[in-house]
Amino acid sequence: MEEINEMFGTVVVGVGIAGLARIRDLMNPMPSSPSEHLKLLGFVSRRSFGSINEAKQISLEDALRSREIHAAFISTENRSHEETIRMFLEAGKHVLVEYPMALSAKAAHELWEMAEQKDKVLHVEHIELLTEEYKQLKKEVAGKDLVKGTLHFTGSVLDEKKAGFPAFSGIARLTWLIDLFGDLTVTSATREEQKDKNYSRMTVHFQTANKKPLTWIEERGPGMRREKKINFCFTSGCLENFPQAPRSAVGLFMQDQNLFAKKLLGQVSKEELAAEKWRILRCLDLAETIQQHCEQPEKICS
C-alpha cells in the first residue's frame, strides 16, 4: 500500500456527549487501525474549556483556516449540522457528521453534491447499524419474507428546536427499516402531541417494494425509558424480541471513526460508497415526506 503513512489533521466541533467521545477516541486510536492516521489538533466549542485531556480549544476561524486541519468531526446540535458542514466543505475539509446530516432533504442533497464537487469525503455517522444487537437482528431477518412489521421506539423528551422534527431526530430507526427491508414508501404519517405534558407520538405507515406494511412509532415523554420494541412477522413466523448479542469489543464511535479513516485512505469500494449515499439521502427524503404528512392540517370529513 502506498501513502499509508499519511496523516490527517482533525478538529472536533461541538463537545456534548458525542464530541467528548470523539475526542477520547481520536486521542486513543485502536492500535494498527485506520484511525491511527487521524491526528487530533484541537476542538471548537461555544463554551470556554481551554483544554480537554490534552486537546486544546481553538476558534472556528482557525479551524477553517488551518492548513494542518484536513478533516472536521461535527458533533454540534442537529439544528446547526447543515451550516457547519457547509463551512468546512467550503474550506476544503473532509467532514464526519453525527446523524442526521441535515434537517431538510434539499440541504442534504446540496451538501452531498458540494462534497463531490470538492472531492471531499462526507461521512454521516450511523452507529445504530454498528451495534451487535443490530448485526444479530440483520442476520435473523436475512432471507425471510416479511408479512408485516412494527418498530416502536420510546425515549425521553428532546428539545425539537435543537434536535429537529422526530422523523429527523429519530432517523436511526428509519435507517434500520430501510437497511433491513429495502426501499419504503410512506402511505401515511400522523403525530399526536400533548404540549403541556411534553409528550409526542409519531406514527408512520410504510409499504415495502412488495407492498407489505411496516409501522414506525417514535414516542417521547418525560421519564420514558429509552427502548426499542420490534414485532416483525414473516411467512416463517414472528420475531418479537431482539436476538441475544454479545457486547462489542470495539466501541461504536471507534468503529465509525475507523470507517471514516478508511474512506480518507481510499480503502472503501465505490459500490459501498454509492449504496451508503443512497441509503442516507433516501432516509432523509423519507423523513421530510413524513414531516410534511404530519404537518398537514387534518382533513375534515363531512
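Using N, Cα and C of the backbone, Cβ positions are placed for all residues, glycine too.
Taken from TrEMBL as is:
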type    : residues                               : note
BINDING : V15, G16, I17, A18, S45, R46, R47, Y99 : NADP(+) binding site
BINDING : C283, C294                             : Zn(2+) binding site
DOMAIN  : 9-126                                  : domain 'Gfo/Idh/MocA-like oxidoreductase N-terminal'
DOMAIN  : 134-246                                : domain 'Biliverdin reductase catalytic'
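Location within the structure of each feature annotated in TrEMBL.
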residue	record	Cβ contacts under 8 Å, 6 or more apart
V15	NADP(+) binding site	I23, F43, S45, R47, F49, I52, S75
G16	NADP(+) binding site	S75, T76, E77
I17	NADP(+) binding site	none
A18	NADP(+) binding site	S75, E98, E125, F253
R46	NADP(+) binding site	none
Y99	NADP(+) binding site	V124, E125, H126, I171, A172, T175
C283	Zn(2+) binding site	I171, L174, T175, I178
C294	Zn(2+) binding site	F165, A167, A189, T190, R191, M202
Composition by DSSP (helix, strand, coil) of residues within the domain 'Biliverdin reductase catalytic' (134-246): 30 helix, 50 strand, 33 coil
